[in-house]
Amino acid sequence: MVPWKSTVRCGVAAAALVLTAGAAVPAAADSGGPHRDPVAVGSGGAVSTVDPDATRAGMEVLRSGGNAVDAAVAAAAALGVTEPYSSGFGGGGYFVYYDAESGRVRTLDGRETAPAAMGEDAFLEDGEPIPFDEAVTSGLSVGAPGTPATWETAVRTWGTTPLSEVMRPAARLADRGFRVDRTFREQTAANADRFADFPATAELYLPGGAPPEVGSRLRNPDLAATYRAFGKRGTRVLDGAIGGDIARTAAEPPVAPGSERTVRPGLLTPDDVAGYTAVEREPAKVGYRGVDVYGMAPSSSGGSTVGEALNIMEEAAPGTDGGLRGAELRHTALEAGKLAFADRNAYVGDPAFSDVPLDTLLSPAFAAQRACEFAADSVLPAPVGPGDLDAGGECAEPGAAAAPAREGLSTTHLVAADRWGNVVSYTLSIEQTGGSGSTVPGRGFLLNNELTDFDFQVSDTGAGAANLPASGKRPRSSMAPTIVLRDGEPWLAVGSPGGATIITTVLQVLTERVDAGASLPDAVASPRTSQRNTEATEAEPDYLGGSEEKELTALGHSFTEVQSGEIGAVTALELLGRSRIQAVAEPERRGGGHAAVLRR
Ligand code: GLU
């Protein structure tokens with residue numbers, strides 16, 4: 001274990017170290033791929049993504065005069081080449097943008113939609129939910145992709161560069177190929193069985209029938225052609241052959257002859273694909289210890305749940321920094337997250353289909369009610385029930401608790417800033433690593449399986465109704481791209497993949513930065529825990545066994561090692577003042593990310 005890890009593993013003992021600026025952050029891990037910088041400080045613009053090629057694509061667009069929106073879309077398109085199992089043209093996501101000219105935060109909901117033919121019982125058979133694994137690798141779970149409309153809308157509304165130029169670096173990268181790194185090979189190997197069942201996927205990602213070697217070059221000329229067509233014609237390509245191919249692949253996923261896998265057909269039609277629109281929404285906003293936190297409103301539960309948890313923390317420990325550090329900070333955040341998750345599971349879904357009480361969930365009065373449950377010296381037995389929407393700030397008996405949701409652990413997050421002061425925080429996904437497993441033949445991208453984020457049925461306690469499938473509906477997400485303003489100016493941008501752990505990761509990075517005063521690189525690198533209204537709190541191995549864990553266990557918390565070994569993969573940035581930007585990526589998780597600035 002590197003010395004840095006042992007110093008940060010226990011928050012209380014390590015608090016002093018965590019507070020010292022970035023110095024404790026190690027060099028990037030050896031990924032087997034191109035060079036990576038977890039931190040870059042400079043001016044003129046910045047991009048941070050999980051991947052060096054994608055960061056470079058964004059930087060190229062900034063360098064040729066594009067703004068942060070153009071750079072974010074260019075980087076996202078490049079991720080479709082180099083991180084195709086986490087996001088891409090066949091998926092969806094949420095785009096949060098600070099527009100310097102108007103001083104406003106704008107958001108785009110580019111979440112996939114259910115086919116028009118999808119009903120409430122789509123994932124039931126004889127009244128019982130179908131096996132989750134069968135939903136994961138199916139046509140049934142494929143929603144109409146929202147990413148093409150997100151890219152087009154963002155670039156044409158807020159960007160300054162023609163879409164064709166924004167798509168150019170990614171198209172070139174797809175043509176020339178990228179060097180396979182260890183993370184890519186591992187993700188391919190973990191999916192090799194199901195990829196082998198889809199000839200178009202196997203042809204692309206299992207060259208010669210096996211995962212590509214680390215260091216080999218992987219090309220995707222079909223995707224290059226898709227990107228060039230999209231660059232020229234925008235989402236009009238979805239009205240034509242590409243849209244038709246998406247619908248056909250989802251409706252009848254082309255399976256290898258002799259495959260024994262049950263691959264359920266989907267319901268997507270060319271009209272569903274061509275008719276998709278990205279929705280501009282008012283951001284979910286809360287004030288927290290003197291700063292303003294802007295996140296994604298429903299259909300994502302990201303902004304409402306991070307915001308509610310922050311409000312509860314401020315109720316539990318008022319003041320401009322709350323005085324929270326180490327074990328006390330973690331205890332407060334875990335308990336606030338637990339309470340906020342109960343409300344998320346009970347009340348949040350697509351607002352076009354049910355009345356989502358966003359204003360109540362984000363109100364200080366509701367936080368005061370929820371904080372009645374909180375105690376500084378004991379732990380709430382989970383699962384806790386949701387709050388009473390009508391009780392205002394009065395203490396109220398919680399309702400019946402909902403079952404925890406299942407969600408994938410894939411997805412990707414990126415941030416960008418430019419010299420004009422615009423900032424982007426963008427999370428995008430195809431849901432599970434490798435999405436539905438099915439590649440659109442001849443088009444070079446995987447289809448999402450985002451509709452597995454619906455609740456398949458209402459639970460015994462009555463929860464889940466807000467998130468049942470329906471015609472044209474968006475499944476509830478946890479994606480939480482976030483921008484923080486201080487004194488009305490952008491200060492931080494942060495986000496992460498990780499399914500429902502996205503929310504707790506964003507909460508942890510924000511509170512370590514804002515409450516404990518950790519540097520942003522330290523807040524990103526520090527060991528993560530995730531409490532989502534279950535009895536045990538998931539923790540990364542580096543957290544377990546430290547003195548903070550012991551202190552919290554004595555209080556009544558119980559921790560379990562997270563199965564995948566790590567939680568999330570953050571990218572973030574901080575505006576340091578005097579036009580200086582600090583761009584931050586993971587030093588180690590998922591093989592490390594890459595942060596860059598225009599001028600060092
Ligand atoms: N589908 C998940 C969501 O929208 C994200 C999946 C992930 O992060 O892996 O919340």
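Keep in mind that glycine also has a Cβ here, set from the backbone N, Cα and C atoms.
What TrEMBL says about a protein is an automatic prediction, not a curated fact.
What TrEMBL records for 1-29 is signal peptide.
The region 'Disordered' annotation in TrEMBL covers 28-47 (among others).
Per TrEMBL, L-glutamate binding site is recorded for Arg111, Asp453, Ser477, Ser478, Gly499. In the three-state DSSP scheme, Ser478 (L-glutamate binding site) falls into the coil class. Counting every protein chain shown, the number of other Cβ atoms lying within 10 Å of the Cβ of Ser478 (L-glutamate binding site) is 31.
Positions annotated as region 'Disordered' by TrEMBL: 250-269 (among others). Within the chain, the region 'Disordered' (250-269) has long-range Cβ neighbours (under 8 A, six or more residues past its boundaries) at 115-118, 122, 130, 134-135, 137-144, 194, 196-200, 202, 436-438, 441, 447.
Reduced to three states, the DSSP call for Thr411 (active site, nucleophile) is coil. The active site, nucleophile annotation in TrEMBL covers Thr411.
Per TrEMBL, region 'Disordered' is recorded for 521-546 (among others). Secondary structure counts, DSSP: the region 'Disordered' (521-546) has 5 helix, 5 strand, 16 coil.
Per TrEMBL, the feature compositional bias 'Polar residues' maps to 527-536.
Among the binding-site residues Arg111, Asp453, Ser477, residues whose Cβ is positioned under 6 Å from ligand 1 are identified as Asp453, Ser477. Taking every pair among Arg111, Asp453, Ser477, Ser478, Gly499, the residues listed as contacting L-glutamate, the largest Cα to Cα separation comes to 14 Å.
Cα-Cα distance from Ser477 (L-glutamate binding site) to Thr411 (active site, nucleophile): 11 Å (rounded to the nearest whole number). Applying an 8 A CB threshold to same-chain residues 6+ apart, the list for Thr411 (active site, nucleophile) reads Ser86, Ser87, Thr427, Leu428, Ser429, Ile430, Glu431, Met479, Pro497, Gly498, Gly499, Ile502. In the three-state DSSP scheme, Arg111 (L-glutamate binding site) is classed as coil.
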